[in-house]
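Notes for the one structure printed next.
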Amino acid sequence: MFLWRYLTLLLLTTAHTCKAKKCGRFTDLHLGHSFIGTSLKVRLLLYTRHNDVCGVLLSHTNLTQHPQFNMSKPTTFVVHGYRPTGSPPVWLYITKMLLDREDMNAILVDWNHGATTLDYLRAVKTTRKVSDNLTAFIKMMQDHGASLSSIHMIGVSLGAHISGMVGANFNGSIGRITGLDVAGPSFNNKPPEDRLDPTDAQFVDVLHTDTDALGFREPLGHIDFYANGGADQPGCPKTIFSGGSYFKCDHQKSVFLFLDTVNRTCFTRAYPCSSYEDFLAGKCLNCDRFGDAGCPIFGYDVIQWKDKLLKLNQEKYFFTTNADSPYCKTNYKVDVMIWNKSERWGYITIKLFDGNKEAVATIDHEASEFRKFTETKMLAQFDSDVQSVKKVSIMFTTGQVLQPKRTLRLLRVRLTHLEVKKPLCRYDVLLQENTEVTFSPLPCEESHF
Ligand SMILES: [Ca+2]
Ligand SMILES: [Ca+2]
């Protein structure tokens, strides 16, 4: 809903402004161009707070004719990737979002002529030329007083490798490169000089959303986020019968997840872990190495963790999301102790209520094991945040339909919001399989044990 309102507003404003003066627009091509193939043309569209919806087509030779291009402000380049159909990316409003967030020069790098071809390898070959073009442009910016540290390049797919090549041309002096589902095909297993890597900028942050198809598998930056494990995204089609979106949905999700952090819709902490399975099992919730700041927040603001991250080894960071915006989940640590004589295996669904709102988490990535007087620790990821929890409901299921229904006798259940950290407890709860039990949570008293 929010996205559509944003787009409509943007279209109306653009239409209005463009009547008054000519706005530079992203090149719109079609499938015919893709069949024939296109030769490279790099167009740079500048947006600032004076012209946040009407792009100015920048000259590659003379910057003095663009008074709104202020070199004392930070500059963010947004670089797209392969465009097999020739159409403009759907996320072009990113420049407006960046400007709403920060006073800067936001430059959309339009290399649609070059990216539009049925031959992916041809587009890959073109990336080096795009990076040379941008390198020459940034050198010209330097001549006009811009500092490399104040440059941020946001690269999508092939655009991330282009950003990496530009960064390498400046020996890693560019301030920051953000790679959004960095292209995998023909780059996986390539040496660092032929792809994005941590030496390409002072800080390199990377988001992986489609490691099993279009995205890059291994870590490439100072921090690498693997959303929902990095391979497949919730809300994206699982079969080819869903048409074209099957191919690009996971890949494109990287941009939407990032945008939610630019406009502060989302606040998602990511946890370093050796595998997604261990993360889901709640084994990687320790953030001590980051001190008071806690584990890094995914997205635009991760730059605040730069100094700490530069001292650490490359590692995978995990978080999960909802299928739609707002994508953030709310994480709780759940500790359960039972007093059944024999062990139980099963799945837990928890709901939190504040009187109006309800949040749900199902812990079903694998069956949890419950043993007498032994604490079972789980990670519960709720689809929304409930500020003041008045009621909690829990349901236990084994997933087995043929065996008699089981019971789970909880000696104690403890829920700890990972941000708020004030635990909620309940003692002596009897769960009948597949039957929801609702109760009011109590403050936890360690004296019970
Ligand atoms: Ca590199
Ligand atoms: Ca995938």
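Keep in mind that glycine also has a Cβ here, set from the backbone N, Cα and C atoms.
All TrEMBL annotations are machine predictions without curation.
Here TrEMBL flags 1-20 as signal peptide.
Annotation source TrEMBL lists domain 'Lipase' at 38-327.
Annotation comment: TrEMBL describes Ser157 as active site, nucleophile. Within the same chain, residues at least six positions away from Ser157 (active site, nucleophile) with a Cβ under 8 Å of its Cβ are His80, Gly81, Tyr82, Leu180, Asp181, Val182, Ala183, Leu214, Gly215, His251.
Per TrEMBL, Ca(2+) binding site is recorded for Arg195, Asp197, Asp200. The number of other Cβ atoms within 10 Å of the Cβ belonging to Arg195 (Ca(2+) binding site), over all protein chains shown, comes to 24.
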Residues flanking the Ca(2+) site, with Cβ no more than 8 Å from the Cβ centroid of Arg195, Asp197, Asp200 and excluding those residues themselves: His161, Gly164, Gly167, Ala168, Pro192, Glu193, Asp194, Leu196, Pro198, Thr199, Val204, Leu220
Neighbourhood of Asp200 (Ca(2+) binding site) by C-beta distance under 8 A, where only residues 6 or more apart in the same chain count: Ser163, Gly164, Met165, Gly167, Ala168, Gly172, Ile174, Ile177
Coarse DSSP state, helix versus strand versus coil, of Asp200 (Ca(2+) binding site): helix
Local Cβ density at Asp197 (Ca(2+) binding site) - other Cβ atoms counted within 10 Å: 23
Secondary structure at Ser157 (active site, nucleophile), reduced by DSSP to three states: coil
Where the C-beta lies under 6 angstroms from ligand 1, the matching recorded positions among Ser157, Asp197, Asp200: Asp197, Asp200
